[in-house]
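Contents: one structure, followed by commentary.
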Amino acid sequence: MYLDQISFNNFRCLVDGKLKFDRYFNLIYGKNGQGKTSLIEAVHFLATGKSFRTKKVKEIRKYNLNRLIVFGKYRHKDLSENIIAIDVNEDKKDFYIDREKNKYINYVGLLNIISFIPEDIELIIGNPGIRRNFFNYEISQAKKEYLQSIVNFEKILKVRNKLIKEKKTGEEIYKIYNEKFIEEGLNIVLNRREFIKKLSILLNLNYRKLFDENSELKLKYDCFLGDVEKKTREELKEKFEILCRRKSEREKFLGYSLLGPQKDDFVFELNGKNAKAYSSQGEKKSIIFSLKISEIDILIKEKKEYPIFIMDDIASYFDEVRKKSILSYFVNKKIQCFITSTEDLGIEGKKFIVEKGKIINE
Ligand SMILES: Nc1ncnc2c1ncn2[C@@H]1O[C@H](COP(=O)(O)OP(=O)(O)OP(=O)(O)O)[C@@H](O)[C@H]1O
């Protein structure tokens, strides 16, 4: 798929307007602080309903304005098109698919996007919550039912926590919610296990191909249930129930749930060593880049469509040699790219010059 057009009103510093993109390569070019990142952030926001820079929607609305609208038209490989839009009023977001108001859960994953931005390094060095959020979104893009499980689980967890806090763990209602907690928790665990297994194989292949053929890169699922490899759902359920019983006194004492997939983590291991603790800056960037490429591979396989790709500030990531090999990777794969840069990259496509928020297509 590819994004054919976008229009925006009141998005950060951008001057309101409509842009028509190249099917393949779009260079967003300009000096620092002109609005390049804001433009790819608008593309990301249109696709996901989220910014990659902030959780606060207030920060992406133009200073002192309450309303923000992004609107886009994307095409599938058979050239059929869809129109999507997000209308933000204060902090409330309304999602539109083909001009009809729709639920967020139906909107997510329509326009598939993979991004590569400097903040992604947090996926290795940041806290587990960052990795959980990231993989939750990525698995949801490939598999809609997973997002539904996450939404259900969060509601169930809230009730379970409330019942523990109110010391109602002896009541029938707690038993019902605990059972739901285990079942939905297991759905999440099994999906994560399957996704990470596939991703880890691709990650290693891509890392070796792009960066170092003598290395071994693994992504491990650090599940709260311990080793979940090769275990059946029944075996995992039994383990989950035992853990619930074992932790119940401590949970009552503290007043919240101490176990569940909300405690999971994911670990990158380069040559048998945890990348967070041992890998160099360059290696970390290469791991993240390989991760993003592997996600593209997964989306192509699962959805039979190419996602779009955005990359912020390519020069800050890679030296000349790597930059060239990365750019030629995208050119060969025929993926629609949006890349910001302070220098001209000399690749065929469209060039958008950004100056004080104004975008000119050269
Ligand atoms: N909500 C907002 N409303 C209006 N302007 C904003 C808003 N948020 C940020 N800005 C301004 O937008 C400008 C452009 O920021 P942006 O990060 O998009 O630039 P950039 O071209 O990517 O810069 P760099 O190359 O330095 O990363 C900044 O000067 C910033 O002050």
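In case you wondered, yes, glycine gets a Cβ from its N, Cα and C as well.
Unlike curated records, TrEMBL annotations are generated automatically.
It should be emphasised that the depicted structure is a prediction, and the values quoted were computed from it without experimental measurement.
Quick look at what TrEMBL annotates:
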DOMAIN    2-344  domain 'RecF/RecN/SMC N-terminal'
BINDING   Gly30, Lys31, Asn32, Gly33, Gln34, Gly35, Lys36, Thr37  ATP binding site
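Overlay of TrEMBL annotations on the structure.
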residue: Gly30; record: ATP binding site; Cβ contacts under 8 Å, 6 or more apart: Lys36, Thr342, Ile353, Val354, Glu355
residue: Lys31; record: ATP binding site; Cβ contacts under 8 Å, 6 or more apart: Thr342, Glu355
residue: Asn32; record: ATP binding site; Cβ contacts under 8 Å, 6 or more apart: Thr342
residue: Gly33; record: ATP binding site; Cβ contacts under 8 Å, 6 or more apart: none
residue: Gln34; record: ATP binding site; Cβ contacts under 8 Å, 6 or more apart: Val354, Glu355, Lys356, Gly357
residue: Gly35; record: ATP binding site; Cβ contacts under 8 Å, 6 or more apart: Arg12, Cys13, Leu14, Val354, Lys356, Gly357, Ile359
residue: Thr37; record: ATP binding site; Cβ contacts under 8 Å, 6 or more apart: Arg53, Ile117, Asp312, Asp313, Thr340
Neighbour count (Cβ, 10 Å) for Lys36 (ATP binding site): 25
Env. residues of ATP site, Cβ within 8 Å of mean position of Gly30, Lys31, Asn32, Gly33, Gln34, Gly35, Lys36, Thr37 Cβ: Thr340, Thr342, Val354
Neighbourhood of ligand 1 - binding-site residues from Lys31, Gly33, Gln34, Gly35 with Cβ under 6 Å: Gly33, Gln34, Gly35
Assigned conformation of Gln34 (ATP binding site) - DSSP reduced to three states: coil
